[in-house]
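Q: Pasting a structure below so you can have a look.
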Amino acid sequence: MLRGRSSEPPFRRSVVTQAKVEKINGEQLEVEIANRDTTLIVDFFATWCGPCLLLARELEQVAEQMEGKVKVVKIDVDENPDLSNMLKIQGLPTIVFIPKENGKPALRTEGLLPAAQIMEIVGQLESGTVQAQGTAE
Amino acid sequence: MAADGAQAPEADGTKPAYEWDLVVIGGGSGGLACAKEAAKLGKKVCLLDYVVPSPQGTTWGLGGTCVNVGCIPKKLFHQAGLLGEGFSDARGYGWKLPEGVEVDWEALVTGVQGHIGSLNWGYRVALREASVKYMNAKGSFVDAHTVEAVERNGKKHTLTAERIVVAVGGRPKYLGVPGDRELCVTSDDIFSRTTKPGKTLVVGASYIALECAGFLHALGFPVAVMARSIFLRGFDQEIAELIGADMERRGVRMIRPAVPVSFEKDGEQIKCTFKNLDFGLEMSESFDTVLLAVGRDAVTSNLGLDRAGVVVDPRSGKIPVVAEQTNVPWIYAIGDVLENRQELTPVAIKAGVRLARRLYAGATQQMDYDTVPTTVFTPLEYGCVGYSEEAAAEKYGADNIEVYVSYLKPLEWTMNHEEHNGTAVRPDNAVFCKLITDKTDDERVVGVHYLGPNAGEITQGMAVALKAGATKAHFDDCIGIHPTIAEEFTILDVTKRSGKSALKKGC
């Protein structure tokens, strides 16, 4: 069992001791959004999608390193087709960053992003240096 | 009743009801092709695809080895390397490109993975459109007509099937020395790691080892290859040595003959202790990344084949088949899992499609495993179809074959006069052509070998010629396209037997 991880060694042990990203459904998402007290990151994925699986590892890292400052959840689009259609989820993975403040628009990206870049986006969203164009809510 | 006894009637004449006409275990090149074809022919098909994470934790989506950790990313990384090599050529043509252009490894990886994602998607859509039920679950046999499918979260499904196709493919082998699984990566991992490989050791002499070493070097990373003995076992050895020499000339270090003895952490690096087989000395050196490419095993150990009564080679895990049928008449196998068949995507696809047609459309056409062309995408590419010189000599007798050879330099390379480390970037006589004929059969062409750029594209056409039974006269009769490299095959003249030099001299 690994205890913790050093930051970005040339080789990487990717066994996470405890999964921090919870898989939820559409109903639970509404609850998460309503009750959030940090930035909420929603990962829309599919089991057959390679980059989604890679992103899952990156997000576990984000969830661990930004624990308390960010909450990360994931939704299987095959299991939640109505929600995915409503949100017009097209490319996979789609990551939606929902800021803590109500009224601030959410940011969404498509494709694999490394953990460092995800954390930077969160930082920029919170400090206001990046403005999301539209809302996904 | 089908010839494979698939539907044996009960004593009272009723037929047992299986939930599925066909269950395919494995969503790779072979499995997908077979499942889609069967569904197109009106059958009720369920396909199971599941990737057990590598020891480094890597996993991937639908599509199998080729799409995710094989042919596709390999070719893209190879292309990235070729583009890097092209900068030197470009300067020769007058392009004002600086030296020392570097690659953004992370951008390359994410770009390649993005394309792979679109292929995962394409397959998912194709299965949906073909009405194939897809399950991301690990399949194993409960009995000869029953497969248990277990999802990642542990949820189980029991599937009964009239027929079952095993298309589970293979995964990289490990060496079985201390530290190998914990510290080393394989082709399963290298195409999706966003951290730069750095100073890399590639262990192995397979085409996978040489291709990976080749593109990693071309992308600017210091690379060493550790091989136990010869390169590319099974391929034409004259060309295997030329490939090794070319890679060494480019700056890839060759550590051979040697085998790793153990791996251990050395700060942020990995220390490899290895044994030089010439002298029996043990030495060690540290690397940022160690990539093992020492062969592939069929993924049959947890398949429960014994519960189905299917015979498996215990050493390799591969399944012996006749016309893709195992010893259990209604259980079939295709792709890399097969014993004594080429581990190639197009082979698996064609075998899968033809099998589905034989089972469900009354077709009779068998898969033809002969004269299958292939290409090794090392920096200097190698395309071949037919017999190697060694195999041809063994089959036909050395006196009965004629071996035509030629060396040349592509016109496109003649503008590049740059040198690195004292050797020309584009040397004369770098490209090599070899044609082997059977003198006892009208000089029928039995082997074509090409070492040079665009090997895959050139060899494909040659393969059609061989399948059509071309003779040396056909090749000689065909007018060349000028100026190309491939035209050399229409004017081959010098034989090894003549003892004349096949090297090109001159301006």
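Cβ atoms are placed via backbone N, Cα and C, with glycine included.
TrEMBL: automatically predicted annotations, no manual curation.
The model shown is predicted, which means the values in this text are computed figures rather than measured ones.
Just lifted these from TrEMBL, have a look:
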type: ACT_SITE; residues: B:HIS482; note: active site, proton acceptor
type: BINDING; residues: B:LYS75, B:GLY139, B:ASP336; note: FAD binding site
type: BINDING; residues: B:GLY204, B:ALA205, B:SER206, B:TYR207, B:ILE208, B:ALA209, B:LEU210, B:GLU211, B:GLY295; note: NAD(+) binding site
type: DISULFID; residues: B:CYS66-B:CYS71; note: disulfide bond
type: DOMAIN; residues: B:21-352; note: domain 'FAD/NAD(P)-binding'
type: DOMAIN; residues: B:372-490; note: domain 'Pyridine nucleotide-disulphide oxidoreductase dimerisation'
Q: Starting from the Cα of B:GLY295 (NAD(+) binding site), work out which of the recorded positions (B:CYS66, B:CYS71, B:GLY139, B:ASP336, B:HIS482) are within 10 Å.
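A: The recorded positions passing the 10 Å Cα test: none.
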Q: Taking 8 Å from the centroid of the Cβ atoms of B:GLY204, B:ALA205, B:SER206, B:TYR207, B:ILE208, B:ALA209, B:LEU210, B:GLU211, B:GLY295 as the cut-off, which other residues in that chain fall inside it around the NAD(+) site?
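A: Close Cβ neighbours, site residues excluded: B:VAL202, B:CYS212, B:LEU232, B:ALA293, B:VAL294.
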Q: Indicate the candidate from B:CYS66, B:CYS71, B:ILE208, B:LEU210 with the smallest number of other Cβ atoms within 10 Å of its Cβ, considering only these recorded positions.
A: B:CYS71
Q: Run through the Cβ atoms and count how many others sit within 10 Å of the one on B:HIS482 (active site, proton acceptor).
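A: Summing over all protein chains shown, B:HIS482 (active site, proton acceptor) has 8 other Cβ atoms within 10 Å.
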Q: Express the predicted model's confidence over the domain 'FAD/NAD(P)-binding' (B:21-352) as a mean pLDDT, rounded to an integer.
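A: 96, rounded to a whole number.
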Q: Please report the three-state DSSP label of B:GLY204 (NAD(+) binding site).
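A: SS state of B:GLY204 (NAD(+) binding site) = coil.
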Q: Measuring Cα to Cα, how many angstrom lie between B:LEU210 (NAD(+) binding site) and B:GLY139 (FAD binding site)?
A: 33
Q: What Cα-Cα separation, expressed in whole Å, is found between B:GLY204 (NAD(+) binding site) and B:HIS482 (active site, proton acceptor)?
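A: For B:GLY204 (NAD(+) binding site) versus B:HIS482 (active site, proton acceptor), the Cα atoms are 39 Å apart.
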Q: Inside 10 Å of the Cβ of B:GLY139 (FAD binding site), count up the other Cβ atoms and send me the figure.
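A: For B:GLY139 (FAD binding site), the 10 Å Cβ neighbour count is 26.
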Q: Sort B:CYS71 (disulfide bond) into helix, strand or coil using the DSSP assignment.
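A: Once the DSSP labels are grouped into three classes, B:CYS71 (disulfide bond) ends up as helix.
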Q: Counting distance between Cα atoms, which of the recorded positions B:CYS66, B:SER206, B:HIS482 is nearest B:ASP336 (FAD binding site)?
A: B:CYS66
Q: In angstrom units, rounded to an integer, how far apart are the Cα atoms of B:SER206 (NAD(+) binding site) and B:CYS66 (disulfide bond)?
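A: So the Cα of B:CYS66 (disulfide bond) lies 17 Å away from that of B:SER206 (NAD(+) binding site).
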Q: Give me the Cα-Cα distance between the residue listed as 'active site, proton acceptor' and B:LYS75 (FAD binding site), rounded to a whole Å.
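A: Pair distance, Cα basis, whole Å: 27 Å.
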Q: Drop a 10 Å sphere on every Cβ of the binding-site residues B:GLY204, B:GLY295 and tell me which sphere holds the fewest other Cβ atoms.
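A: Each of the binding-site residues B:GLY204, B:GLY295 was scored by Cβ atoms within 10 Å; lowest is B:GLY295.
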Q: Can you check which residue among the binding-site residues B:LYS75, B:SER206, B:ASP336 has the largest number of Cβ atoms within 10 Å of its own?
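A: Most Cβ neighbours within 10 Å: B:ASP336.
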